[in-house]
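A.B. asks: So Swiss-Prot has the following annotated:
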type: DISULFID; residues: C111-C164; note: disulfide bond
type: DISULFID; residues: C128-C158; note: disulfide bond
type: DISULFID; residues: C177-C184; note: disulfide bond
type: DISULFID; residues: C228-C246; note: disulfide bond
type: DISULFID; residues: C262-C267; note: disulfide bond
type: DISULFID; residues: C382-C402; note: disulfide bond
type: CARBOHYD; residues: N159; note: N-linked glycosylation site
type: CARBOHYD; residues: N197; note: N-linked glycosylation site
type: CARBOHYD; residues: N354; note: N-linked glycosylation site
type: CARBOHYD; residues: N384; note: N-linked glycosylation site
type: CARBOHYD; residues: N426; note: N-linked glycosylation site
type: LIPID; residues: C503; note: S-palmitoyl cysteine
type: SIGNAL; residues: 1-20; note: signal peptide
type: TRANSMEM; residues: 482-504; note: transmembrane segment
Amino acid sequence: MVSAIVLYVLLAAAAHSAFAAEHCNAQMKTGPYKIKNLDITPPKETLQKDVEITIVETDYNENVIIGYKGYYQAYAYNGGSLDPNTRVEETMKTLNVGKEDLLMWSIRQQCEVGEELIDRWGSDSDDCFRDNEGRGQWVKGKELVKRQNNNHFAHHTCNKSWRCGISTSKMYSRLECQDDTDECQVYILDAEGNPINVTVDTVLHRDGVSMILKQKSTFTTRQIKAACLLIKDDKNNPESVTREHCLIDNDIYDLSKNTWNCKFNRCIKRKVEHRVKKRPPTWRHNVRAKYTEGDTATKGDLMHIQEELMYENDLLKMNIELMHAHINKLNNMLHDLIVSVAKVDERLIGNLMNNSVSSTFLSDDTFLLMPCTNPPAHTSNCYNNSIYKEGRWVANTDSSQCIDFSNYKELAIDDDVEFWIPTIGNTTYHDSWKDASGWSFIAQQKSNLITTMENTKFGGVGTSLSDITSMAEGELAAKLTSFMFGHVVNFVIILIVILFLYCMIRNRNRQY
């Protein structure tokens, strides 16, 4: 009787426990299943942070002494309107300035020219041919004055004016290094970005000026360690690098060709560790660009920006692929952990899938699933005379063990992923070659010459009608004198001919 009562109590307690907690139907098992692991794909990009880089640098611009000298000469003769020798001979000449003169001009900040000759006529007109070197007159700089007059009848007239200028200006330089010998040389660039032969020893005469380098160009060499991003087509072949961008002094340089990469006043080369294959057709480094660095709008800087954009894009892809691979690796590790724990907690897999199922393992990684009932959401470890204990719902008669966990705190047990995201955008911008102060000085002197040659000033003394007739002062009087003299001579000759004919006719009438 007593044993029957004990058995009844145990059955009642078991039934109450099953009713209060979840219930799984072992008759509705499905499967078998295995947890699917994710593929871990390594990124195509490889980041090397300690790449040895050789940098050769020179000054961005160089001081160039620029000077010019020339003269305008008008040598005229007035023999009257009937004299075919009446004319004005104009001469415009630019003189080459020698090395010694350029250096002296630079020291004195003055240039040397000849004497201004204004309305020299008669024997004084020979002064036009006495000094064609331009010596004796030191000025800060001057522009010639175009003078013409031919108002001295039966005499020669000379007008001669000088121009000169001196400036120590900047011209942009470019450094070039030979791949075979690693020898480097500095070139001075013209307005189009082409190298010109300006040295400290030889004067270059071009564009109407003479120029010489003030000091010999020098360059420095240094070694640094930089972060380089290697892009690979074939992840399994370490020799398949097709692109390599390095972050150097906040600028991005393409070192894909393992040769000297020269931009403006800097050349960069890295230690050869691998052979770079041919680049994809979408962006060819070894094909000449449709633009030239240093042109108007600084297209060389646009090339720099393009390199930065490509670098940033490749870096972003690398970081995303690294993150994807890292997440997949963690997921696979988590899968192994889930399988291990699910052998103890049969509801784990169902909870992770947000589904009320229970798992029963057939082997180390294969299991069956069965549907289960689940209590509603709650904020306590107790529910309907049940308590959640050691991963399961069990019967509970001690309410003191119930805990309200509505105000819980989060505990961090892992760290965030560290990404390599350098700050870029501090690109070193360069001016256009033609914006160098030296070429601006040359362009300005050309403009001044064009302006002064468009305005002619006439010397001499004479008529007040020069502004109306566009003649030199005194030239109108000379022309009128020549005109009257010529007509008087013609009148006398015609009168003599008429008298001669009259006399002949009269004598002939007398004979008859």
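Yeah, the Cβs are placed from backbone N, Cα and C, and that goes for glycine too.
What's the neighbourhood like for each of these?
C.D. replies: Counting every protein chain shown, the number of other Cβ atoms lying within 10 Å of the Cβ of C111 (disulfide bond) is 27. Following the DSSP three-state reduction, the secondary structure of C111 (disulfide bond) is strand.
Annotation for C158 (disulfide bond): same-chain Cβ neighbours under 8 Å, separated by at least 6 residues, are Q73, A74, Y75, A76, L117, R120, W121, D124, S125, D126, D127, C128.
For C177 (disulfide bond), the same-chain residues 6+ apart in sequence whose C-beta sits under 8 angstroms from its C-beta are V56, E183, C184, Q185, W260, C262, C267, K269.
C246 (disulfide bond) falls within a strand segment according to DSSP.
Cβ neighbours within 10 Å of C262 (disulfide bond), excluding its own Cβ and spanning all shown chains: 17. Mapped onto three states, the DSSP output places C262 (disulfide bond) in strand.
Within its own chain, C402 (disulfide bond) has S380, N381, C382, I387, N396 as residues 6 or more apart in sequence whose C-beta sits under 8 angstroms from its own.
In the three-state DSSP assignment, the secondary structure recorded for N159 (N-linked glycosylation site) is strand.
In this view, N197 (N-linked glycosylation site) is surrounded by 10 other Cβ atoms within 10 Å of its Cβ, with every protein chain counted.
Note: N354 (N-linked glycosylation site) has no non-local neighbours, i.e. no same-chain residues 6+ apart with C-beta under 8 A of its own C-beta. Following the DSSP three-state reduction, the secondary structure of N354 (N-linked glycosylation site) is coil.
In the three-state DSSP scheme, N384 (N-linked glycosylation site) falls into the coil class. Its Cβ placed at the centre, N384 (N-linked glycosylation site) has 12 other Cβ atoms within 10 Å.
A 10 Å cutoff on Cβ-Cβ distances gives C503 (S-palmitoyl cysteine) a total of 10 other Cβ atoms nearby, all chains included.
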A.B. asks: For C228 (disulfide bond) and N197 (N-linked glycosylation site), what Cα-Cα distance in Å is obtained after rounding to a whole number?
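C.D. replies: So the Cα of N197 (N-linked glycosylation site) lies 36 Å away from that of C228 (disulfide bond).
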A.B. asks: Please report the Cα separation of C246 (disulfide bond) and N159 (N-linked glycosylation site) in Å, rounded to an integer.
C.D. replies: 65
A.B. asks: Select the closest residue to C503 (S-palmitoyl cysteine) from the following recorded positions, measuring between CA atoms: C111, N159, C164, N197, N384.
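C.D. replies: Sorting the recorded positions by distance from C503 (S-palmitoyl cysteine), the top entry is N159.
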A.B. asks: Which is it, of C184, C228: the one of these disulfide-bonded residues whose Cβ has the most other Cβ atoms within 10 Å?
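C.D. replies: Going through C184, C228 one by one, the largest Cβ count within 10 Å is at C228.
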A.B. asks: Fewest neighbouring Cβ atoms within 10 Å: which of the disulfide-bonded residues C246, C382?
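C.D. replies: Counting other Cβ atoms within 10 Å of each of the disulfide-bonded residues C246, C382, the minimum falls on C382.
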A.B. asks: Let me know how many other Cβ atoms fall within 10 Å of the Cβ of N159 (N-linked glycosylation site).
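C.D. replies: A count of 30.
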A.B. asks: Quick check on the disulfide-bonded residues: of C128, C164, whose CB has the lowest count of neighbouring CB atoms inside 10 Å?
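C.D. replies: Checked C128, C164; of these disulfide-bonded residues, fewest Cβ neighbours within 10 Å: C128.
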A.B. asks: Would you mind reading off the Cα separation of N159 (N-linked glycosylation site) from C111 (disulfide bond), to the nearest angstrom?
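C.D. replies: Distance (Cα to Cα, whole Å): 21 Å.
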